[in-house]
Structure formats: C-alpha cells, structure tokens
Amino acid sequence: MGVISDAYRLKYTFGVDFGTSYVKYGPITLNEPKMVQTRGLFLRDLPESVKMRIPPDVLARGLVVGDEEVRKYLSSVRDVQRNLKYPLKDGVARRDDEEAWRVLKELARYTLAQFPVSDPEFAGWLVAVALSALAPDYMYKAIFDIYDELASEFKIYAVTILPQPLAVAIAENAVNCVIVEGGHGNIQVAPISFALIREGLVALNRGGAEANAITREILKDIGYSDIAREEYAVEVVKRAVGLVPRRLKEAIRAAKSDPDRFVTKVRLSPVVEVEIPREYAWTRFLIGEIVFDPNHEEIKSYIEQSRLRIENAVIGDVTLYGEMDVASAIITSLRNVSVEIQERVASQIILSGGAFSWRVPPGMEDVAADSVTRVKIALEEKSPALASKVEVRLVSEPQYSVWRGAVIYGYALPLSLEWSDTTREGWRFPRR
C-alpha cells in the first residue's frame, strides 16, 4: 500500500491507554474502548492434576492476561501473591522488573488479538500508546521494543507514544489548560499550551488506591474484615458509599448530629450485604476527601492505625507528593509556567480519570460535592484571584478520555514525522 489515506486512518488507528489499574484499548471505530485489568497471572506452582487440564500453548507461555483468563486459572495457582503481577506502580514499570515487562508485552499482544482484520487492503495498525506523564525514557524505548517484536505476529504500520494528560487535552479540544488526571495510582497535574509543559508537571502520590485503602480500614472497623480482603468488593463499596465533602469538618458534624440520614447499605451479591452503621456514617466522607486533601486529623488517625501510607515518592527526577492537596498542586503547577502564558493556561482546569468520578446523592447537596465543586471550593480558599478567573470542569467520560485522545492523536499526527527522543513526538516504524 502506498500513501495511507485519511479514510484508512479512520478505520485502523488503534489506541492503548496503559493505566495503573486498567488498560483501555481498541480501534478508533469504537464508541468506547474495551478494558482489561493491568495484571497478569504466572502459571507457576501448579499441581500436576491442574497442569493436565491446561491447554499446552497456555502452559508453554506460562502467563495469562485478560480478566476472564486470569479468573479461570486464579484458583489453580498455589501462591497467588507471588504469581499475580501488577506491572505498573504509579503508571511506571521498573526498568529491571522482567516480570512486569513480560506482563506488559502480553497485554499489548492481548489487546491487538481482540481485533483480527481480514481486509486485504489492511497495511497494519497505527498504534497510539498513552503513558503516564511520569514515564521515563527507558519506558518509551521498552514499549517501542514490545511493538517491534509484536509486528511479526500482528500487522503494525507505525507506533507513537504520548503522555496521558496531553491525550485528555486533545480529547477535550483544549489548547491551553491544566489537566488534572486522577488515576488509581497517582494524580498528574499537567499544564498544557499546545503541548505538555514538563516544567509545570506536579504529581501526587495518591489516587483511587488510597480511597480504596481507607474504605478497607472502615470495613474492618465495622466488622467486615473478610470482605476487606477482596479488592473487587472494596472497590464496589467505595463507589457506592464514598462521598466527597464540600468541607470535611462541616460534613462530619452534620453526619454525627443526624447519623440516620447517612446510614446506607450495599448489596455485593445475592447473599452478601454491607451496612454502614450510624456510628460510622460520618466515615463515608473520608473516602472521597483523601483524594483531594489527606491533611485532616480524622484521616491521619486512620493512617496511623493501619498499613495505609501516604508519603512522598521519587520516580526518575520527579517527586510525587504524598500530602499536597489538589488545589495546592494546581497552584504549584501554574507557578512553574512562564508568567506570559500563565493566565491563558489557567483559563480552564479539566479534571479527568476514575479518581474524580464521584456523585452527590439526592438530598445531600448541602454537605457533599462532586469533584468540580470540591476543587472550586478549595481554590477559592487557597487563591481567590485564581478561582475568580478559572473554569473548572470534568470531562464527559472520565475513564475513557485518555483513550479517546490517543486515537485522535494517532489519526491526526503526520506519518512523515519520525519519532524523536528529544521532542517525544512522531512515529516509530517497526523494523521489517
């Protein structure tokens, strides 16, 4: 095939968003991406009676990915903790973690295998991969190497990589903005002016995982230690009962003075139900607040009594702040942007990611807030001048906006632009 046409790109651009918890993937033709958990199960320590029933090709690979496939073999593996591998921490795989890279390669293979192509005109996928803005250079190289290796198994025409916050800005058609991407592992605050302004990148070492962790501790306190061990159950409870307070102290005061108003139940299965009792109704607000600001006495007491840790971490030359609140992170990010363009960049703050997907139950509008309102209130308290000039909004699809931006980027990026390690732009063409 000669020149790749726009019509071709509208069919065969393929987006992959490698998140800490989920990989979202699929061609540009989808309304929304497919999702698979970012994990893999190594088939080690298997009893002989189990090995006999596993297909030889699966056994030979020694590794399975895909939600159904992992569940299928999970009960057969003796040491689940050793053999169930989550390759990304804060969106980054360690350079020397061979098992993590095996899982990422298998996930890349799995995502492409879901979309076989029989079109005789098919010259290969245009793959646009979104990685954490914290991803170091070695991770870019390793991802390119993975797709180089897969090119012999799947037709891949070219591969490009972009940072997740830039993908969100593209999906939102925002040229000047601050993207606040809240994932499971971390929160990335990234100023954008046509491209990512790396000097202004601020990262927080918390996200949806910390909301899960405090939910787990609350479940233990109210007598559901068995359920607290199951990550799936914890996630469901968090989503169902977690609340973001407008202001934490006022919300706790309201819940303690009228606990019946905040009592709730969650049915996890036909035979399992979780009830948040009156004396713990106020803790619902801690679940949402920990994402926005963990600097409260009530949250710190849970941290001290549990294995939950909120502390700084370092990835490459970037410090991830554990206790910095989201509003302070936005202000810090903007201070590192050239004064000349600060006001333009600050004109809109766009929230994205599952960590910002919170709802306000009917009748609780006086004490609970959605993410946009919570950030506005915090900015008004920290910087009234900034708050008066900025529009804060949530993307329409918080979980999918990175993938959507990736496929738009892959569709629009000129194929004449070859990859540059310096600018981190362009296409890499697999060795043929």
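In case you wondered, yes, glycine gets a Cβ from its N, Cα and C as well.
What Swiss-Prot records for this protein:
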{"type": "BINDING", "residues": "20-24, 182-184, 235-239, 354-358, Gln399", "note": "ATP binding site"}
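Using a 10 Å radius centred on the Cβ of Val236 (ATP binding site) and all shown protein chains, the other Cβ atoms total 18.
Under 8 Å, Cβ to Cβ, and six or more positions away along its own chain, Phe356 (ATP binding site) finds Val180, Gly182, Val291, Ser371, Leu394, Pro398. On its own chain, Thr20 (ATP binding site) has Thr38, Tyr86, Leu88, Lys89, Asp90, Gly91, Ser132, Gly183, His184, Gly185, Asn186, Gly207, Ala209 as residues at least 6 apart in sequence with a Cβ closer than 8 Å to its own Cβ. Neighbour count (other Cβ atoms within 10 Å of the Cβ, all protein chains): 19 for Gln399 (ATP binding site). Of the binding-site residues Gly183, Arg239, Gly183 has the largest number of other Cβ atoms within 10 Å of its own Cβ.
Cβ-based neighbour count (10 Å, all protein chains) for Val23 (ATP binding site) stands at 24.
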